[in-house]
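Notes for the one structure printed next.
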């Protein structure tokens, strides 16, 4: 890990070789593994920066991950270079930009595989409900600071809207008897994973690392996609992940996923995390995290395959499908705009 002490733009880099347990059965590194590395880098730089001043010691807690695209697949044996840089600070939050490069150490080839933006909030080690004031960074120009402020306001509004939309209602996804369900329906592929939160999953506060949660979410989304396609599948992108509430050590979390939309070459899976505090059962279950994952189906040569159309049952599934289609078309238009801007 290399460290830069430049006050204006604090940055770090983490390198790690990809091992067999980081990948699926055909050697593609799990999207969740990459998301976990991205979050670790963000947590390190965010925590270091927020402790660069006198006063309460703190840990940077993940509040949100903006949409993240997986530009190229990563494979077993390649080295992941994860670089993180603080690009904006508000009074109580830190924006971290993260880039991931894959390096083939045999040929020397390097590729940019991921770009991500994460938002952190510093929480006091003495009182987890106390948010620490963030030391400001220096900007190269007033325009850079203004652009950061606009991103901050936009994500703040989006987080509020998402939290209100999800509310406190627990929408359980039961494991169906798949023999009675028709293939390519939502009920056939929907899946859940139950996990007891242990010490190794947690920060110094005793709350779950954001990267651990994202890895579990990616695993469930991958199971849903594989059950639908019955082929090799890989993460193509993740829409904004919103962390609504903290998850404490000792909680049982249920990570649930269901198919919401399919295009010809991609599928959208809604994933949500519900926490059940066993020790403090009187507090009841609550919705902790939500996100949409997009997957693609690949053949043995890692080339895209057509995705079987989703068979819809009922008005609620039709509504979710139309909402997913709107997100798909919006993201597609944004990609085309970004591509034209780069030319």
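Each residue, glycine too, has its Cβ placed from N, Cα and C.
Automatic, uncurated: that is what TrEMBL annotation is.
What TrEMBL annotates here:
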- 24: active site (ACT_SITE)
- 218: active site (ACT_SITE)
- 8-126: domain 'HotDog ACOT-type' (DOMAIN)
- 187-301: domain 'HotDog ACOT-type' (DOMAIN)
- 302-324: region 'Disordered' (REGION)
Which whole-number value in Å describes the distance between the Cα atoms of residue 218 (active site) and residue 24 (active site)?
-> 12
Residue counts (helix, strand, coil, in that order) that DSSP gives for the domain 'HotDog ACOT-type' (8-126) | 23 helix, 58 strand, 38 coil
Calculate the per-residue pLDDT averaged over the domain 'HotDog ACOT-type' (8-126) and state the result as an integer.
-> 95
Taking residues 6+ outside the region 'Disordered' (302-324), which of them lie with a CB under 8 Å of any CB in it?
-> 28, 73, 182-187, 228-229, 231-232, 259-268, 270, 292, 296
In the domain 'HotDog ACOT-type' (187-301), how many residues does DSSP call helix, how many strand, and how many coil?
-> 29 helix, 56 strand, 30 coil
Which one of the active-site residues (24, 218) has its C-beta surrounded by the most other C-beta atoms within 10 angstroms?
-> 218
